[in-house]
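Asker: Right, I'll just put the structure down here and ask away after.
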Amino acid sequence: MAWIRSTCILFFTLLFAHIAAVPIKYLPEENVHDADFGEQKDISEINLAAGLDLFQGDILLQKSRNGLRDPNTRWTFPIPYILADNLGLNAKGAILYAFEMFRLKSCVDFKPYEGESSYIIFQQFDGCWSEVGDQHVGQNISIGQGCAYKAIIEHEILHALGFYHEQSRTDRDDYVNIWWDQILSGYQHNFDTYDDSLITDLNTPYDYESLMHYQPFSFNKNASVPTITAKIPEFNSIIGQRLDFSAIDLERLNRMYNCTTTHTLLDHCTFEKANICGMIQGTRDDTDWAHQDSAQAGEVDHTLLGQCTGAGYFMQFSTSSGSAEEAALLESRILYPKRKQQCLQFFYKMTGSPSDRLVVWVRRDDSTGNVRKLVKVQTFQGDDDHNWKIAHVVLKEEQKFRYLFQGTKGDPQNSTGGIYLDDITLTETPCPTGVWTVRNFSQVLENTSKGDKLQSPRFYNSEGYGFGVTLYPNSRESSGYLRLAFHVCSGENDAILEWPVENRQVIITILDQEPDVRNRMSSSMVFTTSKSHTSPAINDTVIWDRPSRVGTYHTDCNCFRSIDLGWSGFISHQMLKRRSFLKNDDLIIFVDFEDITHLSQTEVPTKGKRLSPQGLILQGQEQQVSEEGSGKAMLEEALPVSLSQGQPSRQKRSVENTGPLEDHNWPQYFRDPCDPNPCQNDGICVNVKGMASCRCISGHAFFYTGERCQAVQVHGSVLGMVIGGTAGVIFLTFSIIAILSQRPRK
C-alpha cells in the first residue's frame with residue numbers, strides 16, 4: 001500500500017501549500033482617528049455651524065465699502081502679519097505653509113509685523129472669514145475651528161488681497177445655474193452678482209476651477225441637493241475645489257498686482273524648447289547629452305508621456321557604446337539664491353547597466369566672482385527599475401552657483417539604454433522628508449477592498465524620529481475615497497528622544513505631477529501631534545508615546561508602529577484621475593514631520609488702529625438702490641448688533657434663463673442615487689452629498705466588501721477553522737483507509 005501512503009503525503013503537501021498561498025484578508029477593528037475629528041468641512045458649512053451670516057458667506061466689510069477695482073486697496077509687498085496666540089499651534093503652522101505656496105507661485109510675500117500701519121493679524125474667532133483689500137489699518141483674518149487647511153487659508157488670504165467669489169461675476173449666469181429654491185432661507189444673498197463698479201474679472205474667462213468658487217452644496221437645504229451647478233455638467237465635480245490655486249487664480253493675482261515673478265522658484269525646465277532652458281554642455285568631458293523627443297520607438301518623456309505627437313522632449317545620455325567611465329556634463333545657467341537652502345527636484349530613469357551613474361554637482365563662486373569651484377552632492381546608481389523616478393537633492397547655496405548633472409558609463413557592453421532627465425524644478429524651499437511612490441496604482445485600486453492597506457517604508461526626520469504613512473486605497477469609512485494616515489515608528493534613536501512626541505506638524509501631500517510647479521494643484525493635509533491624541537485601544541494613552549510601548553510590531557519594517565491618525569476622505573478617486581496625480585500610473589506621496597514648538601508664542605504688541613469684528617458689516621437687510629445712470633442695483637447693508645446675529649429671511653427672485661427643470665439641466669445630485677439601490681448582497685445605500693455610499697453587511701462567518709458590496713470574504717478565524725476541520729476529516733478518512741488496507745486477508 002505504498003501508493004496510498006504516497007498519495008496521502010502528496011495530498012497534504014498540496015493542501016498546506018494551498019493554504020499558505022491563499023491571502024486571508026482581515027480588516028482590523030482598531031481605533032481609527034481622524035485628524036480633524038470628523039469630515040473636512042468647507043467654509044460655508046463651518047460658518048453656518050458658527051451662526052455667522054456674512055457678506056458672500058465669509059467676508060466682513062466696512063460701512064464705506066471699497067471694491068476690488070479700487071487701487072487704494074492694493075497691498076504693498078511684503079505684507080506684515082501677526083499670528084495671534086489665540087490660534088492653535090497647528091493653525092499657525094498651516095498659515096506659514098500657505099505663505100510658502102504664495103511665495104512659490106506668485107509675487108505675493110509676507111513678513112513679520114514691525115510696527116507698520118497696515119498689517120494682517122490672523123486670529124481664531126468663530127468661523128473662517130476675511131476682509132477685502134488693504135484697509136490701511138490692522139485687519140483680521142479668522143482661522144477658526146476647522147479652518148486650518150492650506151486651501152481654506154489661501155482662500156481667505158485671496159479675499160484680503162482683493163478678490164471676491166468667482167460666482168459673483170456679472171456674467172455668472174452664462175456658466176452656472178443657481179437653484180434658488182434649494183438655498184437656505186435668508187442666505188440667498190450669498191448668490192448675488194455684482195456689477196463692474198465693484199468686481200472686475202481682469203479680462204479672464206470664468207474659472208470653474210477657481211479656489212474662490214462656491215462648492216455645489218453651499219448653503220443648501222437638502223444634504224443631497226446642490227444649490228449651484230455648472231451648465232457644462234463635466235464641471236460639477238470641479239467647482240469649489242479645495243486643492244490649491246488654479247492657473248487663472250494666479251493669472252488674476254499677477255494682473256491685479258502687475259507682477260509675474262515668484263520668490264522661491266529659481267529654475268524650471270521641461271526641455272520642450274530647443275534652447276534647453278539655457279543649460280549648457282560641458283567642454284571638458286568625453287561626450288554630450290542629447291536633446292531627444294518621444295517620436296522614437298520606446299522613448300517616452302515624462303512631461304507628456306508620449307500623449308502629443310511631435311512633442312515631449314527630454315535629455316538622454318546613451319551608455320550603450322564607447323568605453324567605461326566616459327562622462328557627459330549638463331550645466332544649468334548661473335543662479336542667484338535668496339535663501340540658504342534649495343531643493344532640486346527632477347525625474348530620471350536609468351535603462352542601461354546597473355553600474356551606470358548619475359551624479360549631481362554644484363559649481364560655486366571661488367571668491368573671485370568666477371563660478372568654477374566643483375562640489376559633489378549626490379550620486380544615483382543604475383538598477384533594474386527602468387521607470388521614471390522622482391528625485392530630490394538638498395542644496396545649501398548662499399551665493400551664485402550652477403547645478404550640474406554628470407552621466408557616467410558603467411559597462412557599455414552590457415547596456416542597451418542610457419540615462420534620462422526631465423521636468424527639473426529648483427526651489428528655495430525644503431525638500432520633502434519622506435517620498436513614497438506607489439506604482440501601478442490603478443491596479444492597486446482595483447485589486448483592494450475597503451480597509452485593505454499598504455504601509456510606507458520607515459522615514460526619519462531631522463530630529464531622528466521614525467515615521468511613516470498608511471495608505472488605504474479604498475477607504476473603509478468613505479466610499480469612493482482614498483484614506484491616508486500617519487504613524488510614528490520605533491527606530492535607532494528612540495532611547496535618547498523625547499516621548500511622547502508632541503508639537504510636531506505632519507504634512508502629507510499627494511503630488512500633482514504637473515511639470516510646472518506653479519500650476520500644480522497637489523492635495524495636502526496637516527495636523528500637529530498633541531497629548532490630547534489618545535486611544536481607548538491602549539488604555540487612553542497618548543498614541544505618540546514611544547512605539548515600542550504603545551505600538552504594534554510589524555515584520556515588514558522590523559519595527560513597532562503607532563496607531564494611525566489620518567483622513568478617511570483624503571481625496572476622491574474621481575479627483576485622483578482628473579489631473580496628473582497618477583501620471584505614469586504612479587501615486588507619489590510626500591510626508592513631513594517637523595517641530596513647530598517655536599510657534600507657541602508669536603503675538604507681538606501693535607501700534608495704531610486695529611479693526612474689530614464688531615465694528616464691521618455683516619450681511620444685513622438689503623434695499624435695492626438704483627445707481628444714477630447705470631440702472632444697476634447695489635446692496636445697502638445695515639449694522640447688526642453682534643457678530644453672530646442671524647438675519648431675517650427675504651424673498652429672492654430667480655435669475656433669468658436658468659433653464660427648465662429637465663434631466664439635462666439637473667445633474668446626478670438631483671436624482672436619488674440610492675433609487676434603485678446600487679448595493680449588492682443586501683447592502684444599505686446611503687446618500688452622501690448626492691453620491692451613493694454602500695454600507696455592507698457582515699455576519700459571524702462572512703462579510704461583503706467592494707464599492708458596491710460585490711465581493712464576499714470569509715473572516716480569517718472562520719476560514720482557518722473550516723480549512724482545519726476539512727483537513728482533519730480528510731486526514732482521518734485516509735488514516736482509516738490506510739489501517740483497513742493493512743488488515744490481513746482471510
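Cβ from N, Cα, C; glycine included.
What you see is a predicted model, and the numbers here were worked out from it, not measured in a lab.
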Asker: In Swiss-Prot, CYS259 is listed as disulfide-bonded to which of the following: CYS8, CYS107, CYS431, CYS489?
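Answerer: So the cysteine that Swiss-Prot bonds to CYS259 would be CYS107.
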Asker: Looking at Swiss-Prot, which of CYS128, CYS269 bridges to CYS147 via a disulfide?
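Answerer: Its disulfide partner, as Swiss-Prot records it, is CYS128.
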Asker: Which residue in the list CYS674, CYS694 does Swiss-Prot annotate as forming a disulfide bond with CYS679?
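Answerer: Disulfide partner per Swiss-Prot record: CYS694.
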Asker: From the list SER64, SER185, SER630, SER642, pick out the residue that Swiss-Prot labels O-linked glycosylation site.
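Answerer: Looking at Swiss-Prot, the O-linked glycosylation site feature maps to SER630.
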Asker: For CYS696, what is the disulfide-bonded cysteine listed in Swiss-Prot, choosing from CYS674, CYS709?
Answerer: CYS709
Asker: Within 10 Å of its Cβ, which one of these glycosylation sites (ASN258, ASN414, ASN440, ASN447, ASN539) has the largest number of other Cβ atoms?
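Answerer: Selected residue: ASN440.
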Asker: Out of these glycosylation sites, ASN140, ASN222, which one has the fewest other C-beta atoms within 10 Å of its own C-beta?
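Answerer: Taking ASN140, ASN222 as the glycosylation sites, the minimal 10 Å Cβ count falls on ASN222.
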Asker: Give the helix, strand or coil assignment DSSP yields for ASN258 (N-linked glycosylation site).
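Answerer: Its secondary structure by DSSP: coil.
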Asker: List the residues of the same chain that sit at least 6 positions away from GLU156 (active site) in sequence and have their Cβ under 8 Å from its Cβ, in sequence order, or write 'none'.
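Answerer: Those within reach of GLU156 (active site), by Cβ under 8 Å and sequence separation of 6 or more, are ASP58, CYS128, TRP129, SER130, ILE141, SER142, ILE143, CYS147.
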Asker: Taking only the Cα atoms, work out how far ASN440 (N-linked glycosylation site) lies from ASN447 (N-linked glycosylation site), in Å, as a whole number.
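Answerer: Taking the Cα atoms only, ASN440 (N-linked glycosylation site) lies 11 Å from ASN447 (N-linked glycosylation site).
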